[in-house]
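Peer 1: I'd like to ask some things about the structure below.
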């Protein structure tokens, strides 16, 4: 029993050692210098937070042309690494920069050259090419002397060396790879040497010759981290510069106003963060392994898909080759048939001409026929012969080859095909569409319009996604409603919820797959159902001055001669006429909304609603108005009404003139929309592109809105004791355009004026 337990304990110990050995082996790549690919030796921390051996950094700077800036001799006066003038014979000679590169560096202000003074107006800034991040890191004027040594990394490297090679030989730190085994160590120089390097760095007759050699070791490190500028121990951490500082650094002007904390606080904060992150990673090892499996599966799928793509491309190219070969054969066959036909015709013509030569059969036969003296017999034989001779004579006189020898009509124009083949490339997914905000709007329905950017691959169809943003958030991923396979560059979203905010986006798709989504666009829907109506010009004093469009969606006031005659009486009393046009639908219940656009050049236009009976009574035979300040709505809209009137007025109008909206100074007309969230009363605001009117019949309220942003402009009470219909008043020139409904207008019955008809 005890023997089994001992075997189990031994197995557990061996498994633990294997895991530790594997972990250390995996950690080895973190301890390799990116330049020499060996264990770090006196690593320096670059400003980009990467590490590099001090000797390697000095060599890199030398190769970059920064002569004499490999380090500051005063940084480590007892270190052999700080004396580049004395180098081991095993080290290769420093590679000097090429003359053209050195000349370019000197001209640009880098490097040292005769005549350059220390402390010049343009100090030298040393740039170090980091081999880890492949970026140029600015080291400042001091170069490597202004960098900290990474003592923690040195300790990790030393522990790793001891764990993977216990009792192994310590190598010389100054030899060129492969280094020799170290035989001596120097506490003063803080380095290990072979016999040759120790003699070279401790020559007889110098102060270094008095250094006492010790056994080789890797534990030569300063007791604490010293400031490279002042050679004092660092005590604080500058969060602004992200750099350790000493007491003298704190009082320097370069750190004035910076957030500096003690090293203990920075140590505890960073240790807590690192511990928390490491705990999270260790606690999610299953997730990491799952993601590794997914990545490995993605690698396999990529290999398979790549091979399939190669096979598909090869098959398509072979198909093109087969089509070209088939076309080549058919074209050559056509040329061959044309050639044989021409040769046959030319051969027949040659034979025909040869028959005309002296001694030929036809000429000899004709000569023999001419010898015939019997007239009837001659006529009988010569008739057919004469026809043949006549045709031959005509052909001789009008000689022309029976066929052309040129084949220019068989030339091929392959310019377009060659261009297509040259431009043959992989199909890319469409780029993110650009939503046209000028043509996208929400009314009775939502109309979304977009376009592809220039030079974007074409899209076969689009996917439109939309959702409401004013609904309570629900757990889980955001639910988007989707419209698939949308053809064209516009879409119609039917039956949106009123008084809501929708966010929409779109993306294209072709054979290569789906492209990126467009930027999200937010649209406000109207606060109430949209009222569809047309303009009816049967009411008003001067219908001849109102021009209504054929579709009954727009009206323009043309005052003409009456306004000119009124201008003549301007000093004694101006007589202007009020023209009105009503909507052909009256509202008797619920909430309704409609929008219109007013021409900014209009002189005076009033947009609103009113009781149908009062409107007919007021404007059926309205006389001329004595003053242009007269309001057809009893002075309600601009605050001209008496504030003591308690009954709701029969009209509610918004006054617009010369591109401005006049907000009345009435006491209660702006309640709820003025003050902090709306414009102040008794002022003017710019005219928006579209005005919206929202009528709440049950509450007896009407609201005027900016139909683009749905920002409130004015809210008024209204007498809703009877049918209420839209109304538009004109004093002088002006124009109003009703907003077109997005969807198909339903069939409706006109209810104004007692007449009934179907549209």
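Keep in mind that glycine also has a Cβ here, set from the backbone N, Cα and C atoms.
Those TrEMBL annotations? Automatic predictions, nothing curated.
Pulled these features from TrEMBL for this protein:
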| type | residues | note |
| --- | --- | --- |
| COMPBIAS | 73-89 | compositional bias 'Low complexity' |
| COMPBIAS | 630-639 | compositional bias 'Basic and acidic residues' |
| DOMAIN | 222-263 | domain 'B box-type' |
| DOMAIN | 370-427 | domain 'COS' |
| DOMAIN | 429-528 | domain 'Fibronectin type-III' |
| DOMAIN | 513-747 | domain 'B30.2/SPRY' |
| REGION | 67-98 | region 'Disordered' |
| REGION | 623-643 | region 'Disordered' |
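Map the listed features onto the structure and describe their local environment.
Peer 2: Here the domain 'B box-type' (222-263) has Cβ contacts under 8 Å with residues 75, 142, 145-149, 151 of the same chain, all six or more residues outside its ends.
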Peer 1: Need one number: mean pLDDT over the domain 'Fibronectin type-III' (429-528).
Peer 2: 90
Peer 1: From the DSSP assignment alone, can you count helix, strand and coil residues within the domain 'B box-type' (222-263)?
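Peer 2: Counts, helix then strand then coil: 8 helix, 11 strand, 23 coil.
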